[in-house]
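Novice: Right, I'll just put the structure down here and ask away after.
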């Protein structure tokens with residue numbers, strides 16, 4: 001019965017916490033200690049190889065192609081979308097690489113102690129739902145694996161009612177997927193690189209082999225690849241922008257919370273590797289999807305946009321079943337890596353910030369698994385939730401403006417000078433007024449309000465009618481949100497600055513007993529002997 005008592009679930013106060021004595025924190029929220037600075041440029045390369053060589057990236061470019069654009073249009077918009085992901089991701093990853101603090105802590109510098117929870121909660125909700133959705137896609141990878149071993153599984157009778165929105169086969173595959181995925185969820189973030197290495201060594205060659213095989217099988221036919229666009233003029237331009245925004249939005253969250261990973265950087269420049277790698281992997285994987293879709297029409301008589309749809313046709317001979325087994329197994333691995341890096345880690349970090357007394361990273365993972373994986377019934381979302389998925393996709397609006405404010409605050413307003421100790425103090429300089437930076441609040445309102453009609457139209461197009469101008473504005477919501485929030489935030493801080501937050505030098509985080517000062521521009525932490533969490537050669541920037 002003691003387990004039922006709430007106080008028995010409380011975590012012990014971590015002795016390494018740098019928060020004031022009256023504030024509850026834990027080690028998962030603190031600046032990362034030097035022994036865990038393990039992520040190099042090569043790690044970030046493998047991270048994005050893991051995140052982008054997936055079923056969803058393969059299918060995204062194909063979907064844009066299917067909307068009526070040419071292959072050239074699709075490749076170009078995929079490249080632009082990748083750059084829209086890469087540039088903010090690198091810029092916003094700097095705060096983690098420099099100071100080794102997670103996103104939920106870093107956001108307090110621009111949003112304020114309490115308003116920052118809005119960003120954290122928004123990101124957590126998004127991660128929770130997408131964890132379930134991606135798990136549903138992962139369950140689909142399991143079906144051809146089992147069917148390759150026991151062919152009768154492909155025709156397994158269904159014993160579930162239609163209201164369940166899932167078949168017996170689908171539920172078994174989904175449960176098996178979670179049984180495989182769950183142990184990987186508990187790998188510490190600083191050790192995930194080994195999983196990424198394994199995945200990056202196997203999945204890309206397999207994807208390339210699938211493209212080569214189906215192209216050869218089709219006799220080299222590329223009818224779809226050479227097909228011109230079916231829309232023209234301004235309609236083509238706006239369709240191009242709509243698809244670009246959609247593809248950008250798929251990875252918009254990582255431009256916000258990349259510091260959850262970059263805080264493990266071995267060197268400040270390690271995250272810069274993401275700048276060329278994100279566009280490269282995104283374009284290559286999208287190109288794979290277009291080529292395979294083109295060839296599939298000649299081979300199977302229909303256009304297959306997903307690699308799993310292609311694998312579903314590999315039946316009969318032992319060789320075909322073996323190929324289906326191994327390819328599906330590797331796509332399953334890709335799905336697990338993507339779900340960990342994009343969703344479970346982010347959700348856990350967010351929960352640690354919101355409930356540090358009760359939740360650490362491991363408990364956050366369990367909550368993500370239980371709520372996102374099962375309580376939300378994601379198979380229902382996939383089956384009947386087109387409207388809901390449109391709404392979740394519109395979350396890119398919020399992610400874009402948060403990314404813009406993060407970038408502007410750290411690079412332009414504060415000039416990369418944060419007081420890390422104050423970030424952990426609820427009444428410190430980043431408290432602003434009532435725990436809210438009014439500049440960030442106004443930016444959020446100004447950016448979001450004009451997009452609400454477009455959001456309503458996207459979610460319920462049959463019930464909400466808006467004019468063409470508002471539709472076009474919504475078509476570029478990511479670019480609009482990022483650049484407008486950046487501009488407005490600079491404007492408000494230029495004319496109405498909060499001078500107490502404009503400190504002359506970095507005040508680094510403290511994690512052990514000794515401060516090794518990098519130079520005269522490092523401010524001492526209240527005169528105590530502490531050790532800085534920032535890099536000794538990068539954390540201090542002289543006032544220009």
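Every residue, even glycine, has its Cβ placed from backbone N, Cα and C.
Please treat TrEMBL annotations as automatic predictions, because they have not gone through curation.
What you see is a predicted model, and the numbers here were worked out from it, not measured in a lab.
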Novice: Match it up for me: which of 279-300, 499-520, 521-542 does TrEMBL list as transmembrane segment?
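Specialist: The listed stretch tagged transmembrane segment in TrEMBL is 279-300.
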Novice: Apart from its near flanks, which chain residues at least 6 from the ends of the transmembrane segment (361-382) lie with a Cβ under 8 angstroms of it?
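Specialist: Residues 28, 127-133, 135-137, 139, 165-166, 170-171, 174, 178, 182, 185-186, 188-189, 343-344, 347-352, 388-389.
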Novice: With Cβ distances under 8 Å as the criterion, find the stretch in 114-133, 236-258, 279-300, 434-452, 472-492 that has the most pairs with the transmembrane segment (75-94).
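Specialist: Counting Cβ pairs under 8 Å, the winner is 236-258.
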Novice: What else in the chain is close to the transmembrane segment (279-300), if you only count residues 6 or more beyond its ends and a Cβ gap under 8 Å?
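Specialist: Contacts with the transmembrane segment (279-300): 48-49, 52-54, 57-62, 65, 71, 74-75, 78-79, 81-83, 85-86, 207-208, 210-211, 214-215, 217-219, 221-225, 307, 309-310, 313.
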